[in-house]
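Enquirer: TrEMBL lists these features:
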type	residues	note
DOMAIN	18-424	domain 'Major facilitator superfamily (MFS) profile'
TRANSMEM	21-42	transmembrane segment
TRANSMEM	54-77	transmembrane segment
TRANSMEM	84-103	transmembrane segment
TRANSMEM	109-130	transmembrane segment
TRANSMEM	142-164	transmembrane segment
TRANSMEM	176-198	transmembrane segment
TRANSMEM	238-256	transmembrane segment
TRANSMEM	276-297	transmembrane segment
TRANSMEM	309-329	transmembrane segment
TRANSMEM	335-357	transmembrane segment
TRANSMEM	364-386	transmembrane segment
TRANSMEM	398-420	transmembrane segment
């Protein structure tokens with residue numbers, strides 16, 4: 001049945017207390033991950049990088065990510081979120097600063113791999129951390145606040161990155177060097193602050209009363225019992241995990257096609273650096289504005305015993321349509337409109353996906369499952385950017401790469417309908 005008024009008020013208070021810091025940390029992480037899309041506008045020429053090499057370097061991040069995601073998520077369970085997140089942030093901040101001083105493709109590719117390894121445990125760890133604060137049918141909202149960091153990193157970061165590129169020659173450094181340096185420093189600062197800012201979990205939160213903690217624990221335990229019963233009847237839990245990982249793989253192709261290639265797509269229409277940052281921010285603003293209402297709607301449906309299946313399928317299909325329109329956009333206004341649709345589809349899919357996943361896996365296995373799905377799925381983050389760069393070198397057109405991304409999201413839509421079909425839907429709490 002639906003949550004009580006008291007439960008909803010508690011969940012809202014928890015979300016407003018826990019999610020903003022998680023959002024800030026992920027915003028910094030994602031900016032360090034995708035700022036290469038702006039750096040490439042001048043760095044590729046300075047370092048002699050081809051489009052294929054740029055795509056490889058952008059994507060090799062996810063090989064490091066894949067290798068260490070599961071061990072890193074084990075550490076966040078073992079030592080606690082505050083300490084392990086601090087280690088990760090300081091490490092990737094140092095690697096980000098070092099990227100400013102590369103002199104060729106081998107060093108650049110190596111540092112991208114190390115950045116992926118350093119960031120590998122952050123997102124699955126934070127997702128696992130947030131699932132400890134709310135029952136499954138109330139999680140899309142808090143995860144939406146976390147994933148709001150992705151479009152916001154471009155809304156905020158695009159004009160800043162474009163401005164930093166224009167610092168070319170200041171202090172004897174290229175603009176892209178200033179970009180890497182100044183955008184990595186916040187991660188180091190926040191890394192030292194996290195142990196004092198982040199609560200280890202609901203049990204240690206001094207701002208929750210004993211009654212609040214008891215109500216929260218009871219609702220989570222009731223849902224956990226129902227989920228364990230449901231997953232125990234699954235014909236093939238491994239098959240379900242494989243479908244979820246494949247679904248996330250397709251989604252990551254779309255996410256990083258946006259993250260690594262959008263500035264260059266817009267620049268290909270003759271846009272100057274002065275305007276590029278602002279125009280690049282527009283499609284991401286659409287994703288940011290629509291993310292929270294869409295995910296709250298998803299939570300309301302789930303709380304009433306409904307399925308997130310069709311909501312998630314519609315999100316994937318919107319992303320597919322957006323990329324297909326982007327591939328054939330004849331003008332800059334049409335391009336921005338098409339990227340906005342793709343941005344909406346991709347960004348609203350992510351929190352709804354993870355909320356659905358957390359409802360289908362028992363709490364005992366959820367940390368491992370999130371890390372596994374994230375690790376395998378992020379291979380799409382490697383293949384997508386690299387394939388686009390390779391195709392661009394050979395065809396001198398974005399059409400094939402963007403069409404392939406649209407096809408990936410269409411396949412993802414079919415996988416959503418399979419992985420979240422009725423017989424794998426989490427039961428309604430009673």
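Note that Cβ sites are derived from N, Cα and C of the backbone, with glycine treated the same way.
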Enquirer: Establish whether the number of Cβ pairs under 8 Å between the transmembrane segment (276-297) and the transmembrane segment (142-164) reaches at least three, counting only pairs separated by 6 or more residues.
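Expert: By the criterion, they touch.
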Enquirer: Near the transmembrane segment (54-77), which same-chain residues lie under 8 Å Cβ to Cβ, leaving out any that are not at least 6 residues past its ends?
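Expert: Sequence-distant neighbours of the transmembrane segment (54-77): 33, 36-37, 40, 44, 84-85, 88, 105, 108-109, 112-122, 124-125, 128-129, 252, 256, 260, 367-368, 370-372, 374-376, 378-390, 392.
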Enquirer: So if I exclude everything within five residues of the ends of the transmembrane segment (238-256), which remaining residues of that chain have a CB under 8 angstroms from its CBs? That is, six or more out.
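Expert: Counting only partners 6 or more residues beyond its ends, the transmembrane segment (238-256) has Cβ contacts under 8 Å with 34, 58-59, 62, 150, 316, 319, 323, 342, 345-346, 349-350, 353, 357, 360, 369, 372-374, 376-381, 383-385, 405, 408-409, 411-412, 415-416, 418-419, 424.
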Enquirer: What is the average pLDDT across the domain 'Major facilitator superfamily (MFS) profile' (18-424)?
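Expert: Per the prediction, mean pLDDT sits at 89 for the domain 'Major facilitator superfamily (MFS) profile' (18-424).
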Enquirer: Against which stretches of its own chain does the transmembrane segment (21-42) lie, if we need a Cβ under 8 Å and a gap of at least six residues from its ends?
Expert: 49, 54, 57-58, 61, 85, 89, 92-93, 96, 112, 115, 119, 122-123, 126, 129-130, 145-150, 152-154, 156-158, 161-162, 165, 168, 174-176, 179-180, 183-184, 186-187, 190, 194, 197-198, 256, 259-264, 267, 273, 276-277
Enquirer: Which one, 142-164, 309-329, 335-357, has the most C-beta pairs under 8 Å toward the transmembrane segment (109-130)?
Expert: 142-164
Enquirer: Do at least three CB pairs under 8 A connect the transmembrane segment (364-386) and the transmembrane segment (176-198), leaving out pairs fewer than 6 apart in sequence?
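Expert: Contact criterion not met.
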Enquirer: May I ask for the residues of the chain that lie six or more residues beyond the transmembrane segment (84-103) and have a Cβ under 8 Å from a Cβ within it?
Expert: 25, 28-29, 32, 47, 72, 75-76, 111-112, 114-115, 118-119, 121-122, 125-126, 173, 176-181, 183-188, 190-192, 194-195, 198
Enquirer: Mind checking which residues of the chain, 6+ beyond the ends of the transmembrane segment (309-329), have their Cβ under 8 Å from one of its Cβ atoms?
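Expert: Hits for the transmembrane segment (309-329): 250-251, 254, 257, 265, 294, 297-298, 301, 335, 337-346, 348-349, 352-353, 356, 398-399, 402-403, 405-407, 409-410, 412-413, 416-417, 420-422, 425.
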